[in-house]
Structure formats: C-alpha cells, structure tokens
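Here's the structure we're looking at; comments come further down.
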Amino acid sequence: MTTRTPPSGWISRLAQGSLVKQILIGLVLGVLLALVSKPAAIAVGLLGTLFVGALKAVAPVLVLMLVMASIANHQHGQKTSIRPILFLYLLGTFSAALTAVLFSFVFPSTLHLTTAADSITPPSGIVEVLRGLLMSMVSNPIDALLNANYIGILVWAVGLGFALRHGNDTTKNLINDVSHAVTFIVKVVIRFAPLGIFGLVSSTLATTGFETLWGYAQLLLVLVGCMLLVALVINPLLVFWKIRRNPYPLVLTCLRESGVYAFFTRSSAANIPVNMALCEKLNLDRDTYSVSIPLGATINMAGAAITITVLTLAAVHTLNIPVDLPTALLLSVVASLCACGASGVAGGSLLLIPLACNMFGIPNDVAMQVVAVGFIIGVLQDSCETALNSSTDALFTAAACIAEDDQLAKNALRS
C-alpha cells in the first residue's frame, strides 16, 4: 500500500511566510520589470487590477456582515469605544488641515495654471456635499452593496443588527457563521497581496513614470512632507494622549501593515479588509472595529484635508491673494468638513478643492485648473493620501480600544 506524499513545502512556506517581506519582494520585482520591459510590465498590471477588484468586491459584504453580526450579538451593558474613536477621527482630520496651513505658509508653493478641466463637474457647495451624504444614507441596500456605498451599507447593517437582536439564536448563529466565512475569504485574498502589488507597481511605472512629477517637485514635497509629519508626529501625539505610553510601536505597526497596502491600492474601501485583519491581529474588540473601520474609511480623511488645504493655498499664493490668520483657520474648518465628505464625491478630495477656493473668490475655471494639477501629481499624492487615511483608521481604533482596556483594568484593581 502506497502512501501519498504531502504537497511540496514551498507552498506552505509561502502561505505562512511574512506578508510584509513578500510585498517588499513584489515591490522590488515590479520596479525591475518596469525598467526592463514596459510591455511586460503593462501586461502584468492585470494582477494588480484583479487584486484591487477582489478587495473591492469582498469589502461591502464584509462590512455588512460584520457590523450586522456585532450589533445583533451585542449584549446589553457591553461597552464599545465608538464615541472616542469618532472624536479622534474628527480631531485628527482638523489637526491635519491645520498642519497643512502651517506648511503652506512656511513653504509657499505656486502652480502653472494653464490646464483646463472643463469636463469635470465638482459639487457646487458644502451643502451639496452634505446632501449627498444624507442621500447615501437612504440608499437601497442592494444598490449600496453594488456601488460600495459604505454610508448606506452602515445604515442598513446597523438597522438590521438592532432588529435581529430580538431574533432567534439560530438566526444569530447563521449570521455569525456567514461573517466568519466572509472573513476567511478576505484572508485568502490578502495572501495574494504580493502578486497584486507586483502588478500595480509594474503597470504604474510603465504607463506613467515619474517624469511629469518633477515639474511639481516643491508642491509634492510640501504635500508628502505634511502627510509624513501628521503620520509620524501629530498622530503619535494624539495616540500618546489617549494611551499614555510610547505610541510608536503601534504607529509603525499600522503604517507597515495597513499603510503599505493602501499606498499601492489607492483605495480606502479596498483597504477595509486589510484593516479588519490588522485589528483582529491586535486582538481588539470586534464589536468596536467592525463599525469604526468602515466608518473611518468614510469620514476619517486627514490626507484629503491636507490635499485640499495645500492645493487651495498654492492657488492663493499663485494669484497673490492675501490671507490673514482667521481666514486660514476658517480654511482648516472648511477643508476638514470637505474631507469628511470626500468619500461621497466621485473624484474624492480633488473635486472638493473648488469649494475651498470659493472662500477666496477664485473663479471656478481657475479652481478646475488646480484640480487638473492634482490629477497630474495624483500618482504620488493619491497613494500617500490613502496610506495616511487608511492607516489612521486602524491606529485610532487601536488607541481607543487600548485606552478602554486600560481603564477597565484600573477599575478592576480599585474594586
């Protein structure tokens, strides 16, 4: 009688190996392929498209099932940390906008306002942005899932979760089982990240390159420098204020395991499953992160606030419009509000720049030229913006959960 030999060990080693190291290998190979053969690099871009498509496909179902399951099984009296997380989201976004204002005054940038972008229609005012968000809340659930409308998905998931609290245990068990099944699919998709990053890097470098970015080197330095300051100084200060210990191990973990993915996928929605997996790895409260992560992907937009502020003030400096301190502070507030609505606007943060430009009386045709500049530098700007936005979702969720656990431990010692 013959016995079957186990499958080759290299497959299991790949499956169990360090995902971050594999992603770095994929990144290096992607750069090399783009340098050696552009046609081949463009061809393997399909791997990146498939990876991002898979993440985007599973994310809406994941959010619906996790939120519904966590609320349906929530026990009366069981505490979650949603309120402090929401406060951190808003404070972080406003702090990012203020930082961008300071950077823009210390390192003023100017633009070459020659490109037209008449085919793009931005929202006419902040009221329209807020109206769009409200309309997203009352979206048809099937339509919300098909179009990845996370505001609508959250509303339906919360509503169904509360309704199912009074359901049978069999129903709750079924929801939990489906939730675990979707989570398993997400883990499988994430294991293909090295191939996805390889394809994304290869095709991006082969099709766009970085030649067009050199003309906007100073503007990019201000944007990226501001985002780095927020990621490595401002956010750690907020986390330290919350957890009262060295924040950098947590900050660097979130940047490494969430920011790296988001940088290459350039999609907060696609990074929701990655953040969910990171929160599970950090052993955070499932009831909390299943709500806070998709909520953060919708309203926690520090990177968008920076983009709106820096590009608006670049236009202001180009046109020699004087700006006083109260106006700069008001711009920070407007940029923060615009950033929170960026997920509800096609084109994201760039198409909300005309709203901020309107504060300074900048005509719409000039504002749209600023938007066009944003699209030119978008290869790097959008990647950095998404990395900051998405990694901060996981960071603030972890900080609030850790602070809550510490408080519970202190209360237990006192009693």
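Including glycine, each Cβ sits where the backbone N, Cα and C put it.
Features of the protein shown, as given by Swiss-Prot:
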type	residues	note
TRANSMEM	23-43	transmembrane segment
TRANSMEM	47-67	transmembrane segment
TRANSMEM	85-105	transmembrane segment
TRANSMEM	144-164	transmembrane segment
TRANSMEM	181-201	transmembrane segment
TRANSMEM	220-240	transmembrane segment
TRANSMEM	293-313	transmembrane segment
TRANSMEM	333-353	transmembrane segment
**Prompt:** Thinking of Cβ pairs under 8 Å, which stretch from 47-67, 181-201, 220-240 has the most of them with the transmembrane segment (144-164)?
**Reply:** 47-67
**Asked** List, by number or range, the same-chain residues at least 6 past the transmembrane segment (181-201) whose CB is under 8 A from its CB atoms?
**Response** 15, 19, 22-23, 25-27, 29-31, 33-34, 44-52, 54-55, 58, 61-62, 65-66, 261, 264-265, 273-274, 276-277, 280
**Fill in**
In the same chain, residues at least 6 away from the ends of the transmembrane segment (85-105) whose Cβ sits under 8 Å of its Cβ atoms read 222, 225-226, 229-230, 234-235, 238, 242, 288, 292, 295-296, 299-303, 305-306, 308-310, 313-314, 317, 328-329, 331-333, 335-336, 339-340, 388, 392, 396-397, 399-400
